[in-house]
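Below is one structure, written out as structure tokens, with a few remarks after it.
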Amino acid sequence: MIMIKIGQGIDVHAFHNNGQQQQYVVLAGVPIEHTHSLLAHSDGDVVLHALADALLGALALGDIGQHFPDTDAANAGLDSRVLLRYVYGKVLAAGYMLGNADITVMCERPKLAVHNLAMRANIASDLQTDVSNISVKATTTEKLGFTGRQEGIMANAVVLLVPNTSGV
């Protein structure tokens, strides 16, 4: 019997005016110009944080806060792609690999459609898979809630892990 694993992760960060003239948010490792940055201990990449939590959850390995606590100064400003590659190393070490990932970003702004392929390509590269196995979608909450008021951004990720038969 083939044992597949499914994981789900969610991450939220508040928008923050950092006082800089040019501000941006980082989503799936892609810097995107915006009116605000994100308030976070690391780079605040909600896409990669949700994805990393989904990968860890599929294997019951806790969450990114346990592996990268915000109380550790070494994690300040951490590039979330480094975090994701570390987590994926744990997936490979457990004998699994990514089947596919489906990620939804919830925000009114910034608009993400023009960044979709770059986000998917970064994730595919970090997870050693084809871009066709990575879905990134964006939606609004029709001006409802904290995302609708443009106070923050949220991402939800679902992953399917399959036994690693590739020898990687």
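Cβ from N, Cα, C; glycine included.
Bear in mind that the values here come from a model prediction, so they are computed numbers and not experimental data.
What Swiss-Prot records for 11-13, 41-42, 63-65, 68-72, 139-142, Phe146, Arg149 is 4-CDP-2-C-methyl-D-erythritol 2-phosphate binding site, and it gives sequence analysis as the kind of evidence. According to DSSP, Pro69 (4-CDP-2-C-methyl-D-erythritol 2-phosphate binding site) sits in a coil region rather than a helix or strand. When other Cβ atoms within 10 Å of the Cβ of Pro69 (4-CDP-2-C-methyl-D-erythritol 2-phosphate binding site) are tallied across all protein chains shown, the result is 11.
Residues annotated as divalent metal cation binding site in Swiss-Prot, with sequence analysis given as evidence: Asp11, His13, His49. Counting only same-chain residues at least 6 apart in sequence, those with a Cβ under 8 Å from the Cβ of His49 (divalent metal cation binding site) are Gly9, Asp11, Ser42, Ile64, Ser80, Leu83, Ala155.
Of all Cβ atoms in the protein chains displayed, 17 besides its own lie within 10 Å of the Cβ of His41 (4-CDP-2-C-methyl-D-erythritol 2-phosphate binding site). Residues or ranges marked as site 'Transition state stabilizer' in Swiss-Prot: His41 (among others).
Thr140 (site 'Transition state stabilizer') falls within neither a helix nor a strand when secondary structure is assigned with DSSP, and so counts as coil. Counting only residues at least six positions away in the same chain, the Cβ atoms of Met106, Cys107, Glu108, Thr147, Gly148 sit under 8 Å from the Cβ of Thr140 (site 'Transition state stabilizer'). Among the features that Swiss-Prot reports, site 'Transition state stabilizer' is placed at Thr140 (among others).
When each of the binding-site residues Asp11, Asp72 is scored by how many other Cβ atoms sit within 10 Å of its Cβ, Asp72 comes out lowest. The DSSP secondary structure for His13 (divalent metal cation binding site) is strand. Ile64 (4-CDP-2-C-methyl-D-erythritol 2-phosphate binding site) has a Cβ environment of 25 other Cβ atoms inside 10 Å.
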